[in-house]
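Asker: Pasting in a structure now, in structure tokens, and then I'll have a few things to ask.
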DNA sequence: ACTGAAAAGCGCATTGC
DNA sequence: GCAATGCGCTTTTCAGT
């Protein structure tokens, strides 16, 4: 079992906000030595608490700011259909997230495309061609109020 | 208007996968010199195409892997209610994402907590105390099939 | 805009406290 | 478990094309 003390949690918090912070800066913020901070980061990486470091981009600036939450229902809950659907979804680059959920629908997927036309194309050419899909229902995002990757511990 | 050429798009792709890649590695991958890559990255940062660099963590390892998609309906669509709700949501650390959406509900929020008990507490103590909220409907995530921050250009 | 080389700063490993 | 040293690499700058 992994146990994180207060300093680890603070450290993870800082790195979730800015991965480019140097150990020097972090050691100042945490009131620790350079080496201590370095060892803690390496440990968190080794334990796979920190999985990776990524650049985040502005979706508007790259014209991928048309976002849709699409509810998907399979027509039969056969293991074969489930595995097939999940395998195909992983391949679709327009789908950033996919969750198997409780309730009326089986999956909720988050899709990013350029505009409505691109979405229509995605729907007819990529999503609904997956075998086993019963129905879909698209919920369009009018405004992104909040979107962060920062999990507060 | 920002225009990105093929090299920029490739570069953004690499950095979205691994922000720790050195300019040396990138220059090899892109077939450019160190400085050329460096200048392109700096330009993308200046243009705010790349907004920031973050560490991603394993939600299971930090015990925040109980995820709920909660649909929220306001009782009246007054500008006052909307602004109030959006302001309060920004403050809730359990809410990582919030979208104003079309359809039967007004907002969909993505919530990360430890377990069902923590979610119940979040619901009664933090979410439903926001004035103007009409109703909520919680959709529980059974399994995370896909979750990436990588937008393919 | 790209190249190449040279300076400044940081990461990383090691030593000793 | 922390401070200090030193090497190597990376980032950053600069002159030149």
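Every residue gets a Cβ built from N, Cα and C, even glycine.
Heads up, TrEMBL stuff is auto-annotated, nobody curated it.
Look at TrEMBL and you will find A:4-67 tagged as domain 'HTH asnC-type'.
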Asker: Quick one: average pLDDT across the domain 'HTH asnC-type' (A:4-67), no decimals.
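Answerer: The average pLDDT of the model in the domain 'HTH asnC-type' (A:4-67) works out to 95.
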Asker: Reported in the order helix, strand, coil, what are the DSSP residue counts of the domain 'HTH asnC-type' (A:4-67)?
Answerer: 33 helix, 10 strand, 21 coil
